[in-house]
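Student: Not my notes, these are from TrEMBL:
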BINDING   Leu118, Gly122, His123, Leu124  (6S)-5,6,7,8-tetrahydrofolate binding site
DOMAIN    5-381  domain 'Serine hydroxymethyltransferase-like'
MOD_RES   Lys227  N6-(pyridoxal phosphate)lysine
Amino acid sequence: MSGSLEKIDPEVKEILHKEFVRQQNNLTLIASENYASRAVLEAEGSVLINKYAEGYPKRRYYQGCRFVDEIEELAIRRAKALFRCEHVNVQVHSGTQANMAVYQALLKPGDTILSLSLSGGGHLSHGSEGSFPYKYHRIVNYGLDRVSERFDYEEIRKIAKECHPRLIIVGASAYPRAIDFLAWRKIADEVGAYLLADVAHIIGLIVAGLHPDPVPYADVVTATTQKTLRGPRGGLILCRQKYASAIDKAVFPGIQGGPFMHVIAAKAVCFKEASQPEFKSYQRQIISNAKALAEVLKEEGFRLVSGGTDNHLVVVDLSNKGITGDRAAAILEEAGIVVNKNSIPFDKRPPFSPSGIRLGTPAVTTRGMKEAEMRTIGKWISRILYNPQDRLLRKKIKGKVKELCQKFPIY
Ligand code: DSN
């Protein structure tokens, strides 16, 4: 039982070290990734990992829950103040499970869900083929306007009136524009549907007041804590009081057993960090960095989905560049620039080899990088993508990426 990881399991220790070095020496431009603080890591790697606590504070199925109750109550208190919501569930393990809990709480099998298509930037858990809701519900998708590549509210209203959804989902994994949640509320009211806002990606921007807030308009809001919120990997459900009991029951015992109390402790730390004034300037810099990256890519001749960005991410259309998204992501990684392949609206290619890539700035902004670094990175990306045969160029840029990364340590 006693002994360090190094002593007990040097093999795992070594892999962890290699991953640390990878994170340190590469540029993470994956829009959904970030670096949690040391305080978050410490809370998650704590003795709370040892505790079972099925149930909710003061209503547990186990003894010995006095201190985990304190932790969960603290996390709830902080979350309610931070998100200005009536009720919060901090137990849900992930964003996908948060959405599953909402379906379980509000819908019956066979009910219709109206959600954004995958190629329009929607998330798998909103009902893509193979997902849990796809099996139990009727899924109808809306897309984006072909020209603006933004939500077309008239078209969405028309589809909603035709398909009579029980639930409308607004939220995306790859939508670079601001969302007008009031417009969505109006559509939901017109057709008598619940409105779920899945703001996993943009929750940090919302907390900082830099993106419209869904809480006043949506019946339920789901999110994750590891993306722009810069906390542990985990989910979050915010809702109106009238849904509180249904949501909590849907999480436990509906789809989960024992809550991860160590993760809830780390969420509490993340909520505290997100309530500090520095968090707002961090979020502002994320957006400025994304805009700077968008500008340089446009100057270099790349077409961006919707022409740019209002938030933390950029989707680059490579269909006129003779390179697929998967190949682009692979050669960028060879140069130490880590992105993901991504579908573009109305993509003619399949999701595993789509026409675009998605770039996000939360992680590089956490490292302290600013607009000047974004311009440098954008130019590197451009040179690599215009010269996919040039291995030597990638090797050269990899060296420069490492130099840049060393100026901005992750911890
Ligand atoms: N997988 C996340 C993303 O990259 O957007 C969403 O869950």
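Along the chain as shown, residues are numbered 1 onward.
Glycine residues also receive a Cβ, built from the backbone N, Cα and C atoms like all the rest.
These numbers come from a predicted model, not from an experiment.
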Student: Starting from the (6S)-5,6,7,8-tetrahydrofolate site formed by Leu118, Gly122, His123, Leu124, give every other residue of that chain whose CB sits within 8 Å of the mean position of their CB atoms, in sequence order.
Tutor: Ser115, Leu116, Ser117, Gly121, Ser125, His126, Gly127, Ser128, Ser131, Ala172, Ser173
Student: For His123 ((6S)-5,6,7,8-tetrahydrofolate binding site), what is the secondary structure by DSSP, using just helix, strand and coil?
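Tutor: Going by the DSSP assignment, His123 ((6S)-5,6,7,8-tetrahydrofolate binding site) belongs to neither helix nor strand, so it counts as coil.
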Student: Find, among the recorded positions listed as His123, Lys227, the one whose Cβ has the highest number of other Cβ atoms within 10 Å in the structure shown.
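Tutor: The largest 10 Å Cβ neighbour count belongs to Lys227.
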Student: So if I measure Cβ to Cβ from Gly122 ((6S)-5,6,7,8-tetrahydrofolate binding site) and keep only same-chain residues at least 6 apart in sequence, which ones fall under 8 Å?
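Tutor: Sequence-distant Cβ neighbours: Ser115, Leu116, Ser128, Asn141, Ile169, Gly171, Ala172, Ser173.
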Student: Please report the three-state DSSP label of Leu118 ((6S)-5,6,7,8-tetrahydrofolate binding site).
Tutor: coil
Student: When the number of other CB atoms within 10 A of each residue's CB is tallied over all shown chains, which of the binding-site residues Leu118, Leu124 has the maximum?
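Tutor: That would be Leu118, with the most Cβ atoms nearby.
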Student: Between Leu118 ((6S)-5,6,7,8-tetrahydrofolate binding site) and the residue listed as 'N6-(pyridoxal phosphate)lysine', how far is it from one CA atom to the other, in Å?
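Tutor: With distance taken Cα to Cα, the residue listed as 'N6-(pyridoxal phosphate)lysine' is 19 Å from Leu118 ((6S)-5,6,7,8-tetrahydrofolate binding site).
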Student: Between His123 ((6S)-5,6,7,8-tetrahydrofolate binding site) and the residue listed as 'N6-(pyridoxal phosphate)lysine', how far is it from one CA atom to the other, in Å?
Tutor: 15
Student: Rounded to the nearest angstrom, how far is the Cα of Leu124 ((6S)-5,6,7,8-tetrahydrofolate binding site) from the Cα of Lys227 (N6-(pyridoxal phosphate)lysine)?
Tutor: 17
Student: Please compute the mean pLDDT of the model over the domain 'Serine hydroxymethyltransferase-like' (5-381).
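Tutor: Mean pLDDT, the domain 'Serine hydroxymethyltransferase-like' (5-381): 97.
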Student: Using DSSP and collapsing to three states, where does the residue listed as 'N6-(pyridoxal phosphate)lysine' fall: helix, strand or coil?
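Tutor: Note: the residue listed as 'N6-(pyridoxal phosphate)lysine' is coil by DSSP, not helix or strand.
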